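Now, the feature entries from Swiss-Prot:
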| type | residues | note |
| --- | --- | --- |
| CROSSLNK | LYS66 | SUMO1 cross-link |
| CROSSLNK | LYS66 | SUMO2 cross-link |
| MOD_RES | ALA2 | N-acetylalanine |
| MOD_RES | LYS21 | N6-acetyllysine |
| MOD_RES | LYS66 | N6-acetyllysine |
Amino acid sequence: MAELIQKKLQGEVEKYQQLQKDLSKSMSGRQKLEAQLTENNIVKEELALLDGSNVVFKLLGPVLVKQELGEARATVGKRLDYITAEIKRYESQLRDLERQSEQQRETLAQLQQEFQRAQAAKAGAPGKA
């Protein structure tokens, strides 16, 4: 009985560890998006200071290419929308993973209690193996 519970417990621990890895990966991805959001907001603020007489360039590979100011503003705006949507998606994913992780933690606690009871019953019944 205890061996069966121990195997089940080990499987649940592995599931929990995988959830923690996924959670960590999602947090890391969200942090990268936050950094991109900050950078793009700075670019948006800088572009807002410019008028039509200013020349704007964008980097394409190793080459700087002239770009219309309106086009640059639109591109940055679209990028900000995309990044914001991705952050929301990551937040939803993080909530789901945290909920699953909490459920897994509860399952582990129950299995540990069962295992301890089985061990105690085994120790309390000499002659039985």
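Positions of Cβ are set from backbone N, Cα and C atoms, glycine also.
Recorded features from Swiss-Prot, shown on the structure.
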residue: ALA2; record: N-acetylalanine; DSSP (3 states): helix
residue: LYS21; record: N6-acetyllysine; DSSP (3 states): helix
residue: LYS66; record: SUMO1 cross-link; DSSP (3 states): strand
Tertiary neighbours of the residue listed as 'N-acetylalanine' (same chain, Cβ under 8 Å, six or more apart): PHE115, ALA118, GLN119, LYS122
